[in-house]
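K.L.:
Please read through the structure below; I'll follow up with questions.
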Amino acid sequence: MMQKLLKCSRLVLALALILVLESSVQGYPTRRARYQWVRCNPDSNSANCLEEKGPMFELLPGESNKIPRLRTDLFPKTRIQDLNRIFPLSEDYSGSGFGSGSGSGSGSGSGFLTEMEQDYQLVDESDAFHDNLRSLDRNLPSDSQDLGQHGLEEDFML
């Protein structure tokens, strides 16, 4: 009888040990993953980038190379519009005087024009391109003309 009780106690001890060790592992192990991306405004002079993160999702260990495609409806459009309102990706700040076109000439601040403002300056049509007009014969080199650096300065101006 004593031997039978000893065998049963060993069996109970083994079962208890298995239950205690398995209780630390709860379910199938998973890893959490998240989509991350950077949204930038390439038209500005500075980088102006925002790092955005998607929601967390469970990634099974065998599926690390099988990341599911990001659904386009994860973020409502209102959230992105709120981000654009909070963090504008534009250099046009109302009331700052910078890039607002509130004046022209040297009296409107530092006189520094951004690249975009230089592209879109208003031109007075009455005197546009009339000062530097030359005939085609004068612009082309002739056989008798020396191509060295002799001549008038205006011949070398573009």
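Note that Cβ sites are derived from N, Cα and C of the backbone, with glycine treated the same way.
Annotation source Swiss-Prot lists signal peptide at 1-27. The feature disulfide bond is assigned by Swiss-Prot to Cys40-Cys49, with sequence analysis given as support. Sequence annotations record features per position, and here Swiss-Prot assigns region '9 X 2 AA tandem repeats of [SF]-G' to 94-111. Annotation comment: Swiss-Prot describes 134-158 as region 'Disordered'.
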K.L.:
Averaged over the region '9 X 2 AA tandem repeats of [SF]-G' (94-111), what pLDDT does the predicted model reach?
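P.N.:
Mean per-residue confidence for the region '9 X 2 AA tandem repeats of [SF]-G' (94-111): 48 out of 100.
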K.L.:
Around Cys49 (disulfide bond), which residues of its chain at least 6 apart sit with Cβ under 8 Å of its Cβ?
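P.N.:
Val38, Arg39, Cys40, Asn41 - these are the non-local Cβ neighbours of Cys49 (disulfide bond), listed in sequence order.
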